[in-house]
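As recorded in TrEMBL, the features of this protein are as follows:
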BINDING   G29, G30, G31, Q32, M33, G34, D52, E117, K122, S144, N168, K300  NAD(+) binding site
DOMAIN    24-209  domain '3-hydroxyacyl-CoA dehydrogenase NAD binding'
DOMAIN    211-308  domain '3-hydroxyacyl-CoA dehydrogenase C-terminal'
SITE      H165  site 'Important for catalytic activity'
Amino acid sequence: MAFFTHHICRGLSSSAVRHVVIKNVTIIGGGQMGAGIAQVAASTGHAVTLVDTNEDILKKAVKGIEGNLKRVVKKKFADKPEAGEEFLQKAMQNVSISTDAGSVVQGTDLVVEAIVENLKVKQDLFGGLDKLAPAHTIFASNTSSLSITDIASSTNRLDRFGGLHFFNPVPVMRLVEVIATSSTSQETFDSLLNFSKMLGKTSVSCKDTPGFIVNRLLLPYILDAVRMYERGDGSKEDIDIAMKLGCGYPMGPFELSDYVGLDTMKFIMDGWSAANPDNPMFAQSEVLNKLVAEGKFGKKTGEGFYKYK
Ligand SMILES: C[C@H](O)CC(=O)SCCNC(=O)CCNC(=O)[C@H](O)C(C)(C)COP(=O)(O)OP(=O)(O)OC[C@H]1O[C@@H](n2cnc3c(N)ncnc32)[C@H](O)[C@@H]1OP(=O)(O)O
Ligand SMILES: NC(=O)c1ccc[n+]([C@@H]2O[C@H](COP(=O)([O-])OP(=O)(O)OC[C@H]3O[C@@H](n4cnc5c(N)ncnc54)[C@H](O)[C@@H]3O)[C@@H](O)[C@H]2O)c1
């Protein structure tokens, strides 16, 4: 059953905003992004089901969520350990896991997909779920670089499909990009904006253009840094130090690439390079290709541009 609310938007004199109240959320993909989104949604009172392909990944994700929440509790409830314990218990009770997306979407208001950055895989997932999810359920993708319109095209709910692009690490980064395609209804868009607000995030509205706002600016910068390193114009360590101390960035481009995941970086690059074969900005990077071919995806595998073990 769908729940709707009406309220008056401040600053938009008397324009009524209608949105689906999102209580039950299915998050597909229990990797670094999915687990982070699940953590934030559960700790803001949403009933979350986290879905992945196998139990081991899900168990690891839940363990990570609990560990992160304990860190939060230690700081936030330093003077009130009992209230902290209650917060932790409640948040953890809000998380369940499943390896069968089809069965859990039947009771969900929102599906947030955070699986591998591959158009076909995302389309297959949503195409299947579209047949099983209730009519009111909104679908959203956390894709970094793919077109939301292309992903949504595998479904018959174009009006109830949008983008929710979170940033890594989700519990810390305050932004969510909310993406509307030309078919996303106002009600869906407002529901996604409201959900982001309920998570305590600040949202920005984006069109369905490659990389939305942040990645359209961030990826060319990172790729330029990789090319600078490939030309031998600077060591990766010096480039990282330069951007941290010279620009005040929390991480240099190589540290950030390892943090995002070099596999994800390559998926993004490959997609953009296929769409813009003549643009040197998206030309293949030998160093990136080699690291990915060797399974060195960055922090999550213990090695990327740097070693973490
Ligand atoms: C490609 C994609 O589509 C889009 C993207 O996501 S692009 C990537 C965007 N992300 C970034 O640019 C991240 C840049 N890096 C940073 O902001 C910081 O280095 C960082 C927040 C990751 C770590 O910060 P740093 O100060 O070095 O470490 P640390 O002291 O451990 O953490 C800072 C705070 O974040 C918390 N934290 C760090 N990682 C966390 C995690 N995974 N989960 C929860 N909390 C976390 C810590 O508990 C700490 O909290 P406190 O300030 O209350 O004590
Ligand atoms: N890493 C980042 O910094 C970042 C930031 C914003 C958005 N994103 C996007 O979020 C998505 C996930 O990225 P990530 O870094 O969490 O990747 P990840 O590799 O950490 O996790 C992906 C998870 O999806 C699971 N998965 C793959 N196919 C699946 C399927 N069909 N059904 C269920 N689960 C499946 C995998 O088992 C894995 O656990 C990608 O689209 C990525 O572009 C990544």
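In case you wondered, yes, glycine gets a Cβ from its N, Cα and C as well.
What you are looking at is a predicted structure, and each value in this text was computed from that prediction instead of being measured.
Sequence features, as recorded in TrEMBL, placed on the structure.
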{"residue": "G29", "record": "NAD(+) binding site", "Cβ contacts under 8 Å, 6 or more apart": "V51, D52, E113, A114, I115, V116, N142"}
{"residue": "G31", "record": "NAD(+) binding site", "Cβ contacts under 8 Å, 6 or more apart": "D52, I57, A61, A114, I115, K300"}
{"residue": "M33", "record": "NAD(+) binding site", "Cβ contacts under 8 Å, 6 or more apart": "A114, N142, F166, N168, V170"}
{"residue": "K122", "record": "NAD(+) binding site", "Cβ contacts under 8 Å, 6 or more apart": "E113, I115, S141, T143, L146, I151"}
{"residue": "H165", "record": "site 'Important for catalytic activity'", "Cβ contacts under 8 Å, 6 or more apart": "N142, T143, S144, V176, E177, V178, I179, C206, F212, V214, N215"}
Please give the average pLDDT for the domain '3-hydroxyacyl-CoA dehydrogenase C-terminal' (211-308) in this predicted model.
95
Tally of helix, strand and coil residues over the domain '3-hydroxyacyl-CoA dehydrogenase C-terminal' (211-308) according to DSSP?
65 helix, 3 strand, 30 coil
Per 10 Å Cβ neighbour count, which of the binding-site residues D52, N168 ranks highest?
D52
Of G29, G31, K122, N168, the binding-site residues listed, which put a C-beta under 6 Å from ligand 2? Please answer none if none do.
G29, G31, N168
Which binding-site residues among G29, K122, N168 have CB under 6 Å of ligand 1?
N168
